[in-house]
């Protein structure tokens with residue numbers, strides 16, 4: 001690992017890459033439009049209240065220097081059981097994030113490849129699984145290579161997003177959608193869940209904190225820079241997309257790739273190809289950023305004793321990378337040929353978002369307890385407010401209707417119950433292994 005060599009640029013781009021700006025424009029905006037229009041209202045609201053979630057990793061980075069991230073903080077500042085439980089949930093979160101991204105890529109290819117409804121339809125999942133396999137290979141080569149990749153392609157992605165947003169504003173339709181329901185109704189909150197998902201990766205630089213220079217200062221600063229930069233870009237882009245699509249916004253949720261068709265009509269086929277390239281590059285950049293954080297966290301779990309040393313093989317974690325590839329392939333193919341690429345993307349994204357909110361809520365509770373013990377005023381107010389708000393959003397989404405929501409609820413419930421069962425089994429039947437788990441070993445300076 002690259003000990004303490006990552007600077008501000010690498011730390012900021014790790015967080016920005018985990019947001020996936022161009023993927024949000026093509027994919028997440030379309031999901032939001034299914035629940036609420038105009039979409040920019042939800043994006044602006046989600047960006048504003050996402051500070052409640054960004055605050056937690058910022059404070060964690062000041063307390064703990066560990067690539068374990070959320071689970072390490074819960075284990076050190078809270079209770080061992082909380083740390084282990086969060087580690088299990090985060091494992092599921094990490095394994096499901098890549099299939100969501102892969103399904104999105106398959107949807108993009110379906111929308112543009114010739115004969116996508118014919119024989120090519122059966123080859124598309126193999127193509128995107130191969131691309132995802134290349135992303136797994138990149139992070140397997142080490143921190144230095146993956147961070148350099150994120151820095152280069154992250155800058156290109158953000159620059160293109162700003163450029164294309166201005167183009168869409170200049171070619172905007174005079175039509176502007178009215179609200180699709182009562183303000184702050186259930187549709188607004190369901191859209192907000194996915195709006196928060198857009199910013200859920202902003203805190204991912206805590207997963208490279210052990211490799212970051214002066215991490216207790218630089219990591220928190222990088223998170224707030226990434227939050228402000230991506231928030232401004234997403235709000236501007238959502239307004240641009242809403243204005244550009246115009247009357248066709250009502251069909252945007254049924255066919256998210258209508259945006260690609262409209263771009264081809266307005267700017268030509270060559271520019272559409274460039275747009276598609278950046279959309280796919282965003283998916284790859286997002287995958288590498290997520291996998292970078294996931295790999296580091298699992299390495300910390302391995303080091304802390306949550307998993308036995310034989311679980312993932314030797315230092316190179318070869319079996320871990322193979323497992324990521326196999327799970328991604330299985331879930332991608334299963335959802336692609338049953339629900340479809342976009343519907344599968346909605347289910348996987350919804351489940352990932354719910355898992356993120358769960359991890360965050362538990363971390364908020366731990367941070368609140370710690371803040372009371374240290375008499376930190378902001379820590380007594382912001383984390384509890386965040387927990388209440390996130391819990392409300394989760395309840396509103398879980399109580400929603402529709403096949404995708406039902407499948408998402410089932411996935412999420414199964415993962416949480418399984419995590420609780422694994423924790424109970426370890427505490428009851430594997431007491432020796434549970435006793436050897438030690439989070440403090442990650443950083444002896446955690447609370448100096």
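Every residue gets a Cβ built from N, Cα and C, even glycine.
Residues or ranges marked as transmembrane segment by TrEMBL: 12-36 (among others). Long-range neighbours of the transmembrane segment (12-36) within the same chain, counting only residues 6 or more positions beyond its ends whose Cβ lies under 8 Å from a Cβ of the stretch, are 6, 42-43, 101, 104, 107-108, 147, 150-151, 153-155, 157-158, 160-161, 179-181, 187-188, 190-191, 194-195, 197-205, 207-208, 222-223, 225-227, 229-230, 233-234, 237-238, 241, 249, 252-254, 256-257, 259-260, 278-279, 281-283, 285-286, 288-290, 292-293, 342, 345-346, 349.
Residues 29, 32, 35-36, 69-70, 188, 191-192, 195-196, 198-200, 202-203, 205-206, 220, 223-224, 227, 231, 234-235, 238, 360, 363-364, 367, 378, 382-383, 385-386, 389-390 of the same chain lie 6+ residues outside the transmembrane segment (42-58) yet bring a C-beta within less than 8 angstroms of a C-beta in it. Sequence annotations record features per position, and here TrEMBL assigns transmembrane segment to 42-58 (among others).
Look at TrEMBL and you will find 88-113 (among others) tagged as transmembrane segment. Sequence-distant contacts of the transmembrane segment (88-113) (same chain, six or more residues past either end, CB-CB distance under 8 Å): 20, 23, 26-27, 69-71, 120-121, 124-125, 127-129, 131-132, 135-136, 256-257, 260-261, 272, 276, 279-280, 283, 286-287, 290-291, 293-294, 297-298, 301, 323-324, 327-328, 331-332, 335-336, 341-342, 344-345, 348-349, 351-352, 355-356, 358-359, 411, 415-416, 418-419, 422-423.
According to TrEMBL, the transmembrane segment annotation covers 119-140 (among others).
The annotation transmembrane segment is assigned in TrEMBL to 152-172 (among others). Sequence-distant contacts of the transmembrane segment (152-172) (same chain, at least 6 residues past either end, Cβ-Cβ under 8 Å): 13, 16-17, 21-22, 25, 229, 233, 236-237, 239-241, 243-244, 246, 266-267, 274-275, 278, 281-282, 284-285.
With a cut-off of 8 Å between Cβ atoms, the residues of this chain six or more beyond the transmembrane segment (192-212) that come close are 1-7, 10-12, 14-15, 17-20, 24, 28, 31-32, 35, 42-43, 45-47, 49-50, 53-54, 56-58, 60-61, 64-70, 143, 147, 218-219, 222-223, 226-227, 230-231, 234, 286, 289-290, 292-294, 296-297, 349-350, 352-354, 356-357, 390, 393-394, 396-397, 442-443. Taken from TrEMBL, the feature transmembrane segment applies to 192-212 (among others).
For 224-245 (among others), the entry in TrEMBL reads transmembrane segment.
Taken from TrEMBL, the feature transmembrane segment applies to 319-339 (among others).
Here TrEMBL flags 345-367 (among others) as transmembrane segment.
Nonlocal intrachain contacts for the transmembrane segment (379-398), taken as residues 6+ away from its ends with a CB within less than 8 angstroms of a stretch CB, comprise 49, 52-53, 55-56, 59, 186, 189-190, 192-193, 196, 350, 354, 357-358, 360-361, 364-365, 367-368, 370-372, 405, 409, 412. According to TrEMBL, the transmembrane segment annotation covers 379-398 (among others).
Same-chain residues lying 6+ beyond the ends of the transmembrane segment (410-429) with a Cβ under 8 Å from its Cβ atoms: 81, 84-85, 88-89, 92, 96, 347, 350-351, 354-355, 358, 398. Feature annotation from TrEMBL assigns transmembrane segment to 410-429 (among others).
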Outside the transmembrane segment (224-245), six or more residues from its ends: residues with CB under 8 Å to it: 8, 12, 15-16, 19, 21, 24-25, 29, 37-40, 43-44, 47, 50-51, 54, 58, 158, 161-162, 164-166, 168-169, 171-173, 176-177, 198-199, 202, 205, 252, 258-259, 262, 266
